[in-house]
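Input: one structure, supplied below.
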Amino acid sequence: MISSFSNGFWSKDYATGVKKLFDCLDNGVEENEQVKNLLKLYKEANEEFGEKLQEITKECLKGKKPENTEDGATSNKAFEGLRSEIANQGKQHIRIAKDLETLIIAPFSKMSIDHSQKLQTSQQVLTNQIKSYEKKYYTLKKTKSAYYNKCRNLEDYEEESKESNETTSEAITDLTTVSSPQQQSLLENDDDLIQLGFMEFRPEELKEVLAQVLQEIPLQDYRVPILGTYPNTCSGNIIVSWLQENLPVPTLVAAEAFGQDLIAQGFLRHMGVGGSFVNSTNFHYQWKDKAFQFAGLNSVDSLVENAKALPLVGEYLSDYISHRKLYSSETQSQRLKREVLDANKIYSESVVDLDKCRTLVEETIADHLQFLQKCETDRVLYYKDFFMDLSTIISNFLPSMKLLADQIVVYQEIIQPESDIRYILESAATGPFLPRVEIYEDYYNDIKDQIFGVDVEFLSHRDKKRVPIIVSTILSYLDLLYPTLASDEVRQNIWLVNSPLSSVHQLREALNHSSSVTKEVLSQYTPSVVIGVLKLYFLELPDSIVPSSAFELIRSIYMNHSNDTPYRLRLLQNLLSQLRRVNLATLSAIITHLNRLITLTPNKETFTINLANSLSLCISRPATWNLGIQHDKHPTKFMEDLLTYGPSIFEELRKLNSSKRVSDRVLYQSSATPRSTDVSPTRPDSISSVRSHTAVESPRSSFEELQPSEIPAESEFTLENVPTSLIRSSYALNTRKTRRNFSHSSASNESAAIFIDQDAKIVNEAVASRDSSLSGS
């Protein structure tokens with residue numbers, strides 16, 4: 001399932017996966033240093049040994065008298081020959097040392113430095129990008145919380161207004177109108193929580209905190225050229241240090257968010273261009289008079305006097321008063337509604353801003369993961385080359401060391417970059433690419449212009465289609481596109497290649513907030529990008545088409561019945577029958593499309609396997625990822641079975657459902673009163689609870705009116721038309737699970753108990769038994 005860095009080091013927070021990869025790559029940097037030190041020592045040893053050999057050939061001649069030298073003596077000739085060979089061996093070792101320095105050590109050192117710098121640069125870029133994403137993520141949570149609080153305040157006020165009589169309401173309105181703007185502001189905000197960073201304070205609590213800050217941190221005058229000197233200032237790092245020492249602010253991100261909110265609340269002012277808070281000694285901030293007044297303290301100096309000499313500063317300081325005058329005639333109801341609209345606008349902008357940042361982070365990480373895999377591959381290949389160079393150097397100069405040179409060649413052949421990459425993935429991978437989308441969640445459950453990351457059932461209900469429009473439109477577009485492609489190989493490859501994430505995100509952005517998904521928009525992009533955005537849509541769903549709660553059950557089926565194909569397919573058929581109607585219809589659409597493509601192309605078996613590897617996580621994925629799952633092949637096998645036997649499974653489901661539907665009609669007509677069973681979704685309390693909770697119509701409502709003659713023929717069958725009686729037990733289970741929030745383990749055990757039995761009657765009895773136990777608890 002995980003075959004490369006680009007699909008192996010992802011995590012929900014992005015930082016965990018990236019950190020794990022760099023920890024592994026740092027081992028390679030350390031290995032480079034060890035090899036470099038070994039080569040240096042080996043070079044020095046050869047150099048010292050060669051010099052020593054030459055030295056001893058000279059030492060042996062000391063004390064020997066020239067007249068005692070007999071050129072004709074054989075012993076003297078042997079002595080001179082031995083001395084010459086030893087001296088020559090010394091020269092060879094010195095030449096080896098020089099070649100090691102110039103041909104191996106110097107290039108290897110350069111490669112090692114370049115490799116280390118590449119990793120450091122990549123790590124710094126990714127760290128900064130992820131930190132920026134985290135800041136925007138925390139900003140989104142803060143703006144969402146503020147928006148929800150404003151909505152609740154408005155609801156509370158409206159409820160209180162309904163309960164009070166008109167006379168009391170008029171008296172309260174008159175009282176608030178007579179009171180001064182400052183008193184009115186204090187009364188209105190007295191019960192509101194003030195949010196600073198990731199903390200919330202009541203006004204009296206914030207008063208104590210501000211008083212302590214202003215009394216403990218050193219305040220000084222700060223001179224700005226031309227504008228003059230400003231009192232009551234300090235640098236950003238002083239404020240951050242105080243916050244981390246005195247408040248539960250564990251991280252710099254949280255501290256900077258706290259400081260940013262001090263600016264937003266009007267307690268602090270940045271001495272310079274812009275209004276951002278930065279933890280730095282170079283950024284200075286002035287505590288406004290509002291902070292001293294709120295804390296019940298007197299500022300050392302007032303900026304009012306400076307304002308007389310500096311009209312620009314006076315205008316800046318009067319913004320707050322102008323704002324209060326602008327809305328002084330508002331009633332409390334108008335003010336609350338305005339604040340809700342303002343908070344909603346800020347929250348929705350934060351969602352869009354975070355989504356853009358997230359896609360940029362994912363594109364950057366994907367590019368860097370590919371780059372880092374290439375860096376590691378090049379490093380290992382360099383090892384392979386330098387082993388061969390070392391063997392050549394030794395064998396050329398010292399034939400007697402041929403055995404050592406041959407052994408080095410053996411070591412060189414052992415090095416396989418692909419194996420090293422695979423080892424890193426198998427031992428340290430954190431998970432495949434499974435993006436986490438933060439969608440705009442309106443307080444009143446209204447999602448209008450979002451497609452990606454939205455639950456498939458909600459999206460289908462909004463589109464008034466049984467299959468989301470984005471899925472059906474893309475599949476229809478591909479059907480029209482296939483005949484125009486050059487060959488079967490091209491038609492297969494567009495499903496197997498991974499398009500650049502930046503291109504996929506560009507099409508995603510064009511579709512996500514558009515009023516409709518059109519083929520005209522799709523035609524502006526390559527086929528592989530269109531298929532890439534379809535895969536991305538499935539990956540960004542809150543849960544996979546085959547829910548994560550069934551992941552362990554599917555694993556159990558393939559572990560226990562991998563060789564018994566008929567029984568395994570029957571269990572899968574039972575599993576699919578319990579999916580939600582929209583999930584069934586969507587799964588049917590994609591599998592039917594792919595099965596038709598497989599049928600019309602050659603090399604069906606190979607294409608099916610490759611396609612299953614590419615799409616397995618789009619159809620079924622676990623709730624959480626771990627190392628044990630990454631070696632699990634059952635998602636791919638499950639996808640292979642769907643691609644191979646899907647049409648047969650769906651046809652069998654249609655036949656079983658048709659016969660059961662006829663029997664249900666006979667029983668209904670022969671009985672004066674409808675049957676009452678625990679699994680029937682026709683119970684009034686079940687239907688009402690589902691409608692009130694999901695705001696989606698009951699699955700039965702679209703099918704109960706069908707007459708037998710209206711049941712689609714085999715050639716027309718898709719799971720969009722599966723009658724609801726087949727999935728009644730699954731829908732009842734899904735409703736109860738949603739409302740009562742069952743644990744994962746209990747849901748898995750109950751599902752396993754259902755699929756062990758082969759008879760549909762036993763399945764219904766098992767569900768009914770479980771329902772009775774749940775109602776008792």
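Glycine residues also receive a Cβ, built from the backbone N, Cα and C atoms like all the rest.
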According to Swiss-Prot, phosphothreonine sits on which of Thr127, Thr139, Thr694?
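The candidate carrying the phosphothreonine note in Swiss-Prot is Thr694.
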Give the range, chosen from 151-193, 667-709, that Swiss-Prot lists as region 'Disordered'.
667-709
Non-local Cβ contacts of Leu496 (site 'Arginine finger') (under 8 Å, 6 or more apart, same chain)?
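For Leu496 (site 'Arginine finger'), the qualifying residues are Asn610, Leu611, Ser614.
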In the domain 'DEP' (213-296), how many residues does DSSP put in helix, strand and coil?
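The composition, in the requested order, is 35 helix, 20 strand, 29 coil.
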If you run the three-state DSSP split on Leu496 (site 'Arginine finger'), which class comes out?
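Reduced to three states, the DSSP call for Leu496 (site 'Arginine finger') is helix.
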